[in-house]
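Undergrad: Before I ask anything, here is the structure I am working with.
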């Protein structure tokens, strides 16, 4: 049954999701999946942005994606998350922005699937940050060297550490990307359940009418 479209400002949760998707698109394209691009095609300005971010935050998972935090095999799980983000989550951002603007209910199941997937992958990243060793001083920029370029004598000392301040920065960066999908997951589950219940009630009325 068609319904009257409410303005986005009259739907506070949808407005949060709308802004979340808008913010997430540049984060995904410029930072998250940069490790998947062929290096020769990445602009130097974009590389400089990532280098600055890593020296500022010592983000262990992003460093792992660029082979800057131990053997690359240790970070296959995160690179698989980046592929998922590129081929599934990024298109969902675009579809979701349009659907939320139009107040479309047909994308509720898709947003439910996305939010469950996103929350799951973000939990793994936050857990990794919480398990990263703490040090009193920031990691020197000279240690941010590709694993393949390190001398054999240094291969056992490539794991990054973070300071307490960097851990706080990282958690402040990652936790919102967990909380919003968790909220969306619960919200969309309730909405989908409501639509299913309404459909079953309508089906029951039609059945009674024809009996």
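Any Cβ shown, glycine's included, is placed from N, Cα and C.
As annotated in TrEMBL:
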- 13-185: domain 'EXPERA' (DOMAIN)
- 15-37: transmembrane segment (TRANSMEM)
- 76-101: transmembrane segment (TRANSMEM)
- 108-130: transmembrane segment (TRANSMEM)
- 174-200: transmembrane segment (TRANSMEM)
Undergrad: Take a look at 76-101, 108-130, 174-200 and tell me which one has the most Cβ pairs under 8 Å to the transmembrane segment (15-37).
TA: 76-101
Undergrad: Mind checking which residues of the chain, 6+ beyond the ends of the transmembrane segment (76-101), have their Cβ under 8 Å from one of its Cβ atoms?
TA: 8, 11, 14, 17-18, 21-22, 24-25, 28-29, 32-33, 35-36, 61, 64-65, 107, 110-111, 114, 117-118, 121, 124-125
Undergrad: Compute the average pLDDT of the predicted model within the domain 'EXPERA' (13-185).
TA: 89
Undergrad: Go through the chain and flag residues at least 6 beyond the ends of the transmembrane segment (174-200) whose CB is under 8 A from any CB in it; none is fine as an answer.
TA: 13, 16-17, 20, 24, 105, 108-109, 111-112, 114-116, 118-119, 122-123, 125-126, 129
